[in-house]
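Participant: The following block contains the structure, expressed as structure tokens.
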Ligand SMILES: O[C@H]1[C@H](O)[C@@H](O)[C@H](O)[C@@H](O)[C@H]1O
């Protein structure tokens, strides 16, 4: 037992500081009735109801994944049927993410005011409306309106669902259940890619089914939530003590919830002291523990997106084409395989999160992500160095003004979005290659010459847009698989999971709104800048850059992310009581404040006298 140090940290408030492991040990030793009760509640079937709640809420995650994933396949058909310019294509893709960024920020306010349940009902209603608008759209303006609507739904769902699941879950299942939401996101992306593949064979209106099908899970969620309860923590915060106790007992399978109820209630009472006056965001910024939590939450979301997940996913079809897949339909199905890999490894995260904890999982994941990005970059670098030269200059007068014919190598040709590489093969060697302008209506073919009908294997003519034929494609493919295997269990789900648990109740809606907003803003930034970054730095430069950013993220996580596994939501806030860059340090240096009757005690370990 180490010595007890008294330290006044927060006025009118006393805390006992312990390491998280001490607290977990204490929980086991001294709170054994609680743990037994929780375990008992697990056996008494409460998880059944909690799983039902998690399932219906995570449909929000499914819709997030489906609606962000389905658009790439739908766009292939839409651009032909509606004759969309590349500006309109970009608009239709990015308006959803932009709207999600705005509505996730607004979602914080709505959550605080109307509660989690109303927000989830609102999001599923908006999803249904968006799906209907998209499926009946008869022009691009209506499509834009539908994509905007869907984005509003995604933003609200993305910040509300993890909070709701975290608040209704018992602490020993919380990590796993919130991570299931990300499993549903990646599941939604996978289902979207399968639906894209299936309806891409329809000559007309295939996109209506692709975009409209989201109404089914949205309506299911809406109906489900008409019967599901509000978060007991939100009810208690609003002073609805009777309903809060009823809901808590219902969620815990009817067992005695006195202790859990009391602990939430007393923590809300004490939070009133922390919370101070003024708008919530201001109070977060001026109250050190909440401010630190916000920095950690936003930082994690930022590094998730800066690690380039959406670029890698989006670019996977091209990566696979580089590996020799020439057939477009085949590329669509292989992109579905990529989405499936992402889903599968997120499942590994669900399995690991309560076993190894959030911190170790995130650390291992981000380090592996950085290493895989280097493998990807090395593959691109070798391909660029071995880039085939342009050997054939067609004598077509219509090409004289084109910049494409000025390039000497495939690498520089393919980095210009207006050009593509047209070539023949002699065994595995590239022959008679030229850089040609791309058909603006259909990037799968050149605007003129041999490749104006795209790749025609039977004629020995190949068209490469966005990539170059290379024998190093296996390294790139290896990098892609490693990337997903490392990213999906940790960096994919942990930013959402950790954010759902690190804020005190008074700051939870706003904290999650801000961090989700950061996620969406960085998502837009990375996807909109990727092509420009690739043009300036080349592909390998871009992936080396993402790798460097992931390494920075690693340093951030080492310094700042404390372990929250097994702790009650009410206990987690105190992990942020110390200077930020030590709160993530090993168990012995992490501190936990336990409030005791208005006192502010602090100890390194093993303090059990909660009075
Ligand atoms: O956690 C999710 C998940 O990793 C998805 O695959 C990705 O598309 C999202 O941007 C991310 O927030």
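Every residue gets a Cβ built from N, Cα and C, even glycine.
TrEMBL: automatically predicted annotations, no manual curation.
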Participant: Between the candidate ranges 258-281, 330-353, 402-425, 426-449, where does TrEMBL place the transmembrane segment annotation?
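Facilitator: Based on what TrEMBL states, transmembrane segment spans 330-353.
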Participant: In TrEMBL, which of 118-136, 232-250, 574-592 is labelled transmembrane segment?
Facilitator: 118-136
Participant: Mind pulling out the one from 48-66, 86-106, 293-315, 539-561 with the most Cβ pairs under 8 angstroms to the transmembrane segment (513-533)?
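Facilitator: By Cβ pairs under 8 Å, 293-315 leads among 48-66, 86-106, 293-315, 539-561.
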Participant: Sequence-remote contacts (6 or more beyond its ends) of the transmembrane segment (118-136), Cβ cut-off under 8 Å?
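Facilitator: Cβ under 8 Å, 6 or more out: 57, 59-60, 63, 67, 107, 110-111, 142-143, 145-147, 149-150, 152-154, 156-157, 160-161, 164, 208-209, 211-215, 217-219, 221-222, 225-226.
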Participant: Between the transmembrane segment (178-201) and the transmembrane segment (365-384), are there at least three Cβ pairs closer than 8 Å, leaving out pairs fewer than 6 positions apart?
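Facilitator: Output no: the transmembrane segment (178-201) is apart from the transmembrane segment (365-384).
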